[in-house]
Every structure is written in structure tokens, then in C-alpha cells.
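Annotated features in Swiss-Prot:
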type: BINDING; residues: G53, P54, E55, S56, S57, G58, K59, T60; note: ATP binding site
Amino acid sequence: MDKIEKSFGKGSIMKMGEEVVEQVEVIPTGSIALNAALGVGGYPRGRIIEIYGPESSGKTTLAIHAIAEAQKAGGIAAFIDAEHAFDRFYAAKLGVDVDNLFISQPDNGEQALEIAEQLIRSSAIDIIVVDSVAALTPKAEIEGDMGDNKVGLQARLMSQALRKLTSAVSKTRTTCIFINQLREKIGVMFGNPETTTGGNALKFYASVRLDIRGSQQIKDGEEVIGKQTKVKVVKNKVAPPFRKAEFDIMFGEGISHSGEIIDLGADLGIIKKSGSWYSYNDTKLGQGRDAAKQCIADNPELAEELEGLIFEKLREHK
């Protein structure tokens, strides 16, 4: 046993009864509802996470919120921008310290995944986001002609990379988030025709898979200022799956914290709703959800108090 530990490091082999199972370490998602839906309070550390959904559904917003939360706790974050579309000003609005964010804009899929692997193995970072799997184009495809048939190259690349990344993220306790897009399978008559890009490897290696969808638009008069968003935990290896979370994503602001407090507070009976009026104890928050949201946004101390009560209630409901 000593020889194995000397060769492969401490913890490479152990008796089942020796190690006490610790509580799962997490990075918060930036959404109270999603933290609750994940069952452990956020994205588990040392695991691979997949966030997928249609275009403009809020995938990157969700990942950027995770980076902001990791940085708030003193963590170091990296962003692999394979799509070459990272907006530093939007990230800053969501709370990201962009000056201390490591960013890479790789030329091809192999380069992106090799950079990701080296960053993870360095043990220097706490969270890494790859945006997106669909943009991880294999080198052979980039160097080939437009009409060349390169079937399965990307799937093979992802499969090879994930075999290496899985053990690396586990050993270094790094949270690795892959953003993925949806495609439609051709000729599917029955069942769901939607599938994610990059083959099946990510489906298997991911400990958590989140399906994010925009539902209704949020309007201020005629102007669209945000959208209601639904997230389903499709796969979860650290807590029960299939839970759902709903929240507002406001354009230019990200997840609406005050909106979550109103919705969860009302659902849990902390905030009383009488007709169209929302109230907490003897304090009237406003007539209509938007007015109540604004009241919460304007009163940080009240927001903090309500958030504390919501956390307590959610813990009781577990």
C-alpha cells in the first residue's frame, strides 16, 4: 500500500471504512432556486457540468454567474472562449472581476482542450468554463476543404479529452463547466428529436446536466427587458435529479435576485400575497410583482433578511 501511495500519491488507494464521506464542496450558481434544485447548494467541485439549451436561452449568463460567485469566495477562474464572443462588459455587470479572469481564445478544439487540461492540472484555478462544445472544431476540419466529410471527428476529440479531464478535475477539485448547443436529429418521428453536439461522451462524464430554456418575455411597456427562464436538472450524481428552478434573466443585468426573493418568498409563505399586493410582516412591498421586485431591489437590508429566511425554509424542505 505504501509503495502504491508513493508512486501515485496519497489517497490513490484506501479502505472504504477509512475515509469519512465529507459534505460536497460547491460553487454557488448565482440563483437561490437553482442552488436548491441542485440539492447541494451549487455546482459540485471536482466534477464536470454541462449546461445546454437553445440559442439565447441564458447558458453563458449562467456560467458567468458561477465565475462571479467563485471569485467572490476568493477563487480563481478561467474562460475558454472557443466561440470568440466573450463580452467583458456584460461579465463585469454580472459581478465578474474581469481583470483577474484568465481567458483563452483558441484556434481549434485540440488547443482549447489542451489548454483546459493544463490549467486544471496546475491546481491554480477553481472553476473553468468552456464556451462552447459546438465551437470546438477539430484541427483536421479547419485545415481541410469546405466540402470534406469529417464525420465523428469532434465526438472522438471530446471522448479522448473527457477521459483525461475527469480524473484531473477530481484530483484538483476544479469545477469544469461545458456550455453546449442543441441540434435536431433528422428523421426522428417519435420521441425527442433534440440532441446536444459533440457526441455522447459529455452526457456520460458530466456529473450534472442542466437544460435551460427561456419561457415568457418580460416587458416594460412595449420594450422587452428580460425573460423568464426555466432550468431542469436532467442529470445529477450528487443529489436527486429532475428538480426544476425558475428565475428571471434581465438583459444587461443577469439573474434577477429580487425576483427570486419575491417568487420563493411567496411560494414558501414568507411573503404574503393578498390580491395583487405583496407584503412581509406589516410592510407592504408593492402592488404587483414588478413593484414588489423594485422595493426589494431598493432595500438591500430587507433583501438580505428575506434571503436568510428563504435559505432556512429551503433547508427544512430538503
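Glycine too: its Cβ is placed from the backbone N, Cα and C atoms.
Remember, predicted model here, so these are calculated numbers, not experimental data.
Everything Swiss-Prot records as a feature, shown here on the structure.
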{"residue": "G53", "record": "ATP binding site", "Cβ contacts under 8 Å, 6 or more apart": "K59, L182, D211, I212, R213"}
{"residue": "P54", "record": "ATP binding site", "Cβ contacts under 8 Å, 6 or more apart": "L182, R213, G214"}
{"residue": "E55", "record": "ATP binding site", "Cβ contacts under 8 Å, 6 or more apart": "Q181"}
{"residue": "S56", "record": "ATP binding site", "Cβ contacts under 8 Å, 6 or more apart": "G214"}
{"residue": "S57", "record": "ATP binding site", "Cβ contacts under 8 Å, 6 or more apart": "I212, R213, G214, T229"}
{"residue": "G58", "record": "ATP binding site", "Cβ contacts under 8 Å, 6 or more apart": "I212, G214, K227, T229, I249"}
{"residue": "T60", "record": "ATP binding site", "Cβ contacts under 8 Å, 6 or more apart": "D131, I179"}
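Using the Cβ center of G53, P54, E55, S56, S57, G58, K59, T60 for ATP, the list of other same-chain residues with Cβ within 8 Å runs, in sequence order, I212, G214.
A 10 Å cutoff on Cβ-Cβ distances gives K59 (ATP binding site) a total of 22 other Cβ atoms nearby, all chains included.
In three-state terms derived from DSSP, E55 (ATP binding site) belongs to neither a helical nor a strand segment and is classed as coil.
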